Amino acid sequence: MRSSMALSKSLLLLLLGFLCCSSTEAHVEFGFYNDTCPHAEAIVLHEMTRIIADDPTLAGSLLRMQFQDCFVRGCDASILLDSSNNNVAEKDAIPNKSLRGFDVIDRVKAKLEEACPGIVSCADIIAMAARDSVYLANGPYFPIQTGRRDGNKSEASDLMANLPPPTANITELKAFFLQKNLTVKDLVVLSGAHTIGFSHCSSFSQRLYNFSGKGDTDPSLDMEYAEKLKRKCKPHDHDDMRTLVKMDPKSPRRFDLCYYRLVSEGKGLFASDEALLHDPETRAYVERQAMASSAEEFFNDFGSSMVIMGKIGVLTHQKGEIRKKCAYVN
Ligand code: HEM
């Protein structure tokens, strides 16, 4: 009797131990730096306020950086690592060539290293910079979890299978998001990030000049808008890395509902934006936000989906490291 009670007690302890350890696996939390670097989030916001005041166009780039970091190998700052003699890193993959803001992350990291050396990860800096970019572009401020650690691998070849291209149709987009455990709602909500920022012509010129391989224009693109875009982006200029097009022509620096209005009018810049009209759930969301008189629902949804995206494949506890310099492993 006593031995069977002892056995059930030890089984219970084992189970509790298992539950406790599995719940601490890959887990980020609100206020992770409260004890170790209490001013971390304030330091980032202070620096970001100065950075965005000097160059408001960086807000879009830093928001995009978090998406492209999290979708490839998880939110582990693999996007920041430099290539080496025998490895081409994510940073040098073609879709990432247009990313800006690596120096911003280095600047914020330097400030954090001054205040609390070796404590704040580059992966968390990307997440905080993305959150603050939205806020500083007049979008919502939402609390985010921290405690991510930095990875030690970055391979350009990982992009293709993980990052949706701007030509993706709705089936492909849903599959890319599902692969990261993100829902159809996350897809339509996070796509709303395209309310700020700029794109290079190469990301959508196929829609203007060679949509179905016959030199035609995508018929779903508003005709007047297509003509405007053609005046900016010349045919066969695929390598043009200078011309930038506003993704939301009226308010490219303001985080608002305009993206959904544009998409509903056939003025979404990428095929992947237009694709949101081809699924009942995403279409309903686009149309509801396009008509909304307040951004409240979108802002709340955006904060929630960013928190979810920010948990993809995180390294925590004993995994990963806190890089001293974001471009190199220690
Ligand atoms: C749904 C699939 C998505 C696709 C196919 C996509 C694709 C792209 C492309 C091709 C660009 C332009 C790159 C260039 O030519 O410079 C871009 C820009 C941008 N993307 Fe996305 N994106 C997607 C989702 C997201 C998500 C989830 C976010 C963030 C939450 C995001 C944020 C941005 C921002 C802010 C920009 C502007 C960047 C700048 O101003 O430099 N995108 N995206």
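Just so you know, the numbers here start at 1 and follow the chain as drawn.
Cβ coordinates come from backbone N, Cα and C, glycine included.
Automatic, uncurated: that is what TrEMBL annotation is.
What TrEMBL says about this protein:
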BINDING   Asp69, Val72, Gly74, Asp76, Ser78, Glu90  Ca(2+) 1 binding site
BINDING   His194  heme b binding site
DISULFID  Cys37-Cys116  disulfide bond
DISULFID  Cys70-Cys75  disulfide bond
DISULFID  Cys122-Cys326  disulfide bond
DISULFID  Cys201-Cys233  disulfide bond
DOMAIN    27-330  domain 'Plant heme peroxidase family profile'
SIGNAL    1-26  signal peptide
SITE      Arg64  site 'Transition state stabilizer'
Around the Ca(2+) 1 site recorded as Asp69, Val72, Gly74, Asp76, Ser78, Glu90, what other same-chain residues have a C-beta within 8 angstroms of the site's C-beta center?
Gln68, Cys70, Phe71, Arg73, Cys75, Ala77, Ile79, Gly151, Ser154, Asp158, Gly313
Please work out which residue of Cys37, Cys70, Val72, Cys116 has the most C-beta neighbours within 10 angstroms of its C-beta, and give that one of the recorded positions.
Cys70
Cβ under 6 Å from ligand 1: qualifying recorded positions of Arg64, Gly74, Asp76, Cys122, Cys201, Cys326:
Arg64
Around Asp76 (Ca(2+) 1 binding site), which of the listed recorded positions (Cys37, Arg64, Cys70, Cys122, Cys201, Cys233) come within 10 Å, judging by Cα atoms?
Cys70, Cys122
Sequence order is fine: just name those recorded positions in Cys37, Arg64, Gly74, Cys122, Cys201, Cys326 with a Cα within 10 angstroms of the residue listed as 'heme b binding site'.
Arg64
For Arg64 (site 'Transition state stabilizer'), which residues in the same chain are close in space, meaning a Cβ under 8 Å from its Cβ, but six or more apart along the sequence?
Leu99, Ala193, Gly197
Packing count at Cys326 (disulfide bond) (other Cβ atoms within 10 Å of its Cβ):
22
Across the whole of the domain 'Plant heme peroxidase family profile' (27-330), what does the mean pLDDT come to? Round it, please.
96
Rounded to the nearest Å - Cα separation of Cys37 (disulfide bond) and Ser78 (Ca(2+) 1 binding site):
23
Relative to the Cβ of Ser78 (Ca(2+) 1 binding site), which residues of the same chain, six or more apart in sequence, are found under 8 Å away?
Asp69, Val72, Ala89, Glu90, Gly151, Lys153, Ser154
For Gly74 (Ca(2+) 1 binding site), the one of Cys116, Cys122, Cys201, Cys326 that lies nearest, given that the disulfide-bonded residues are compared by Cα:
Cys122
Sort the disulfide-bonded residues Cys116, Cys122, Cys201, Cys233, Cys326 by C-alpha distance from Cys70 (disulfide bond) and give me just the closest.
Cys122
Integer Cα-Cα distance in angstrom, Cys201 (disulfide bond) to Cys116 (disulfide bond):
42
Calculate the distance in Å between the alpha carbons (Cα) of Cys326 (disulfide bond) and Cys75 (disulfide bond), and round it to a whole number.
13
Find the shortest Cα-Cα separation between Cys122 (disulfide bond) and the disulfide-bonded residues Cys75, Cys116, Cys233, and name the residue that gives it.
Cys75
